[in-house]
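> Take this structure, written in C-alpha cells, and hold onto it; I'll ask about it next.
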Amino acid sequence: MSVSNITVFRPSVLTLIGIPGLETVQCWIGIPFCVMYLIAMIGNSLLLIIIRSERSLHEPMYIFLGMLGVTDIVLGTSIVPKMLGIFWFHVPEIYFDSCLLQMGLIHTFQCIESGILLAMALDRYVAICYPLRHSAIFTHRLVTQIAAVVTLRAALLVAPSLVLIKCRFQFYHTTIISHCYCEHMAIVKLAAENVRVNKIYGLFVAFTVAGFDLIFITLSYIQVFITVFHLPQKEARLKAFNTCIAHICVFLQLYILAFFSFFTHRFGAHVPPYIHILFSSLYLLVPPFLNPLVYGAKTTQIRIHLVKMLYS
C-alpha cells in the first residue's frame, strides 16, 4: 500500500475496495446483484438456445438479439464474479494485468452493445418504413458485416486506452481502487503522472460511441414513429408500435445510466462515491438482466417458442 506522499512503481497487484461508505452492508448488496446476474445468465442463455434451434427465427432482428445476448453474458461475467468475491469472500486483490483485462472486456462489450442497439434500430427502421425492401437490404451477409464492423470498432477504440495506461504510467499514488470493478477513469486516477491524454481519449471514445449511436438511434425511431402514425389501420399501428417499444425501453435505460455514470465520474465532485458506484454497477448489470425479460415479454415468436420448449 502507499500513502499520500509515496508513489508505487508499476504495482503488480491492485486492491478493489468495493463500494466506499457501504462496506458494512456490501454482503447484502451482493444478494440482489447475484440474483440479477443469475437471471441474466439463464434468460440470455434461453434466448440464444431458442434463436439457434428455431430456423424461423434466423432473421436479422433475432440474430441481433442473439448477439445482444452473447454480449450481455460476457459483460455480466466480466464483473459479477469478482464483485461477489469482494462483497462475500473479502478477496479485494486483483493483478494489475487482470485489472486491465477486465477494463478492456467491460468497455469493449459496452461499445459492442451500443453498436448492436444501433443495428437493431436501423433494422426496425427499414422493416417499418420500407417493408418490401427489408429482406433485400438486410441479408445475412449484411448482418455478418455489421457484426464484424461493430466488433472491430469496439476493439480499435478500446485498445489504445489500455496501451496508454500500460505504456505511459510507471508511478502510482496508490494501489487502492475506490470501485468494485476496474474502470478506465478509476485506474487513471491512481496515476502519479500527467493523465490529460488519457482523460481526453476517454472523452473521445465516449462521445464517438454513445454520441454517434444515440443520434442515429433517435433519428431512426423518429422516422419509425412518423411512419407508424401514418399507417391507415389501427391494428397495424399497434403491432408496429409494440415491436419498437421493447427496443426503446432497452436503449433508454442503457443510455440514461451510461450518461449518469460518465458525467458523475468526471464532473460529479459533490455526488457521494457510493451513489456513483452503485449506478455505474447497475449500468452494467441492469441491461443483461432486463434484455431477455423485455424481449421475451414483448416478442411473440420468442414467447411462443419458449413455452413450447418448456412444455417439451
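Backbone N, Cα and C define each Cβ position, glycine as well.
Whatever TrEMBL says is automated annotation, not expert-curated.
Pulled these features from TrEMBL for this protein:
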- 43-295: domain 'G-protein coupled receptors family 1 profile' (DOMAIN)
- 28-50: transmembrane segment (TRANSMEM)
- 62-80: transmembrane segment (TRANSMEM)
- 100-122: transmembrane segment (TRANSMEM)
- 142-165: transmembrane segment (TRANSMEM)
- 200-228: transmembrane segment (TRANSMEM)
- 240-262: transmembrane segment (TRANSMEM)
- 274-295: transmembrane segment (TRANSMEM)
> Output the single range from 62-80, 100-122, 200-228 maximising the number of Cβ pairs under 8 Å to the transmembrane segment (142-165).
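Between the stretches 62-80, 100-122, 200-228, 100-122 has the largest tally.
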> Could you tell me whether the transmembrane segment (62-80) and the transmembrane segment (274-295) are in contact, taking contact to mean 3+ Cβ pairs under 8 Å with a sequence separation of 6 or more?
yes
> Averaged over the domain 'G-protein coupled receptors family 1 profile' (43-295), what pLDDT does the prediction give?
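A mean pLDDT of 88 is what the predicted model shows over the domain 'G-protein coupled receptors family 1 profile' (43-295).
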